[in-house]
Amino acid sequence: MSRARCHLRAALFLAEVSSRGATTGVAARRVLSAWPAPQEPGMEYQDAVRTLNTLQTNANYLEQVKRQRGDPQTQLEAMRLYLARSGLQVEDLDQLNIIHITGTKGKASHRTQGSPHLVQVRERIRINGQPISPELFTKHFWCLYHRLEETKDDSSCVSMPGYFRFLTLMAFHVFLQEKVDLAVMEVGIGGAYDCTNIVKKPVVCGVSSLGIDHTGLLGDTMEKIAWQKGGIFKSGVPAFTVLQPDGPLAVLRDRAQQISCPLYLCPPLEALEEGGPLLTLGLEGEHQQANAALALQLARCWLQQKGYRDTGELKASRPSLLGQLPLAPVFQPTSHMQHGLRDTEWPGRTQLLRRGPLTWYLDGAHTTSSMQACVRWFRQALQSRERPGGGSEVRVLLFNSTGDRDSAALLKLLQPCQFDYTVFCPNLTEVSSTDNADQQNFTVTLDQVLLRCLAHQQHWSRLHEDQASPEPGGPAPLLLAPRPAHTHSASSLVFSCISHALQWISQGRDPVFQPPSPPRVLFAHPVAGSGAVVLQEAAAIHVLVTGSLHLVGGVLKLLEPSLSQ
């Protein structure tokens, strides 16, 4: 018990699982115990990831889910069958002491199994906050893959689960074999029909801030999305949520009441600070306040259910909110909880990298609400920066957006940042990613992603034209030459990969990122030459990378090579 409590205190449930003396090769409880660790050639980590990538059928999967959305049992029963074929039963998952989390913003700040990976797919399955090793990933991947191959039904149309379903199955097996004390599971999309929702008896559930995302699947209103998210509630299992708009909050309340799920509203972080020390967060951004409040309540609830005494001293009774939800306890966070909040790191979210004259601002915002938070953070960071004694400052936006997201709306939110240059590129570190399986994406072609980048560039240009001509039908200004930096023009470039984009932005001035080849702009543009001169002479260059977590991950892979080790 003391070891589990130590893990909880250190990570405050912001790590995925707490291992109880786990070592590689621990025998599994069921069928997997008889499988040897694969030693034969062709089963290295990169080969495992390449094979996993063949299951990247997200686009087709989403279309299938849309058609079957009226019957959630269709989706959940398919996942149960996959689980049984893999050698487990749903009841086996009760041993994991699962904390189940959903939401649109911030659920990944609890660093759960479902979070998209930035650099390597191993990041999606973590033990004690660290991605599982390549050896452990490879071993469990091939064991699961061969088991599913052996049990497939020739009459079935689908013999293997899709990418996310496979990783979810693999996480279950890894966590069970490594005998973790608890597992924090994040839904993939939504909640009600998500493959993680086969879990019957989580210890506690959490719903982070809601926003508009995956509208084609979850619905086009906050209320519809809230209904989907509330699908993870279970009868008698406590659940917590943060403050939401009245409409979706009422939907969550009704969903909980229908199945007798005790649902509580997390009091703001300031309420927990009253009469005690101020809580310092390792993550920047105002929106992290709500995420921290939710994490504290989930941690305290788990500790209480497991019989731990050190759960934080209560500071007030639980008052009721008329017409809404009862408040969760207001308590004094323990010193270990305080350390957990302070020491939490979350690469790729409100992250700063200072490299000589360059400052990289990395945030994987990809919804309107998260982009609003990103813009607030970026502008506040600029206001608090140290200004150079002489020379110019240049602001650069590096952007991409994927899927069915409204890129035009995201770009419009970024306009107040007044960028001097805007760069668009796909989420590919290099034009060819054959040598790096973690960067492969079989759901789209290179032509498709490049065309989308060009569409982003057109959106950006139109936004600036509208800004310059506010009157309907008013004439757009005629630019006879590229406008210099600091005029906040529509100067933009499209590159074929992240590496080429970073080469142009950094102009060899980043002491870590030193590529061997010169950058290549996708289409010739006078801004490429004139902008290069400005960037070479600038005293400070501020680069915001946003719009896609995978874009941020590709940038981090190049700027921080150690992340690939």
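Keep in mind that glycine also has a Cβ here, set from the backbone N, Cα and C atoms.
Here is what TrEMBL records for this protein:
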BINDING   SER115, GLU186, HIS214  Mg(2+) binding site
BINDING   ARG349, ASP363  ATP binding site
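A gap of 17 Å separates the Cα atoms of ARG349 (ATP binding site) and GLU186 (Mg(2+) binding site). Geometry remark: GLU186 (Mg(2+) binding site) versus ASP363 (ATP binding site), CA distance 20 Å.
Long-range C-beta contacts of ASP363 (ATP binding site), restricted to its own chain and to partners at least six residues apart, with a cutoff below 8 Å, comprise GLY348, ARG349, THR350, GLN351, CYS374, TRP377, PHE378, LEU544, VAL545, THR546, VAL552. Residue density at GLU186 (Mg(2+) binding site): 25 other Cβ atoms are found within 10 A of its Cβ, drawing on all protein chains shown.
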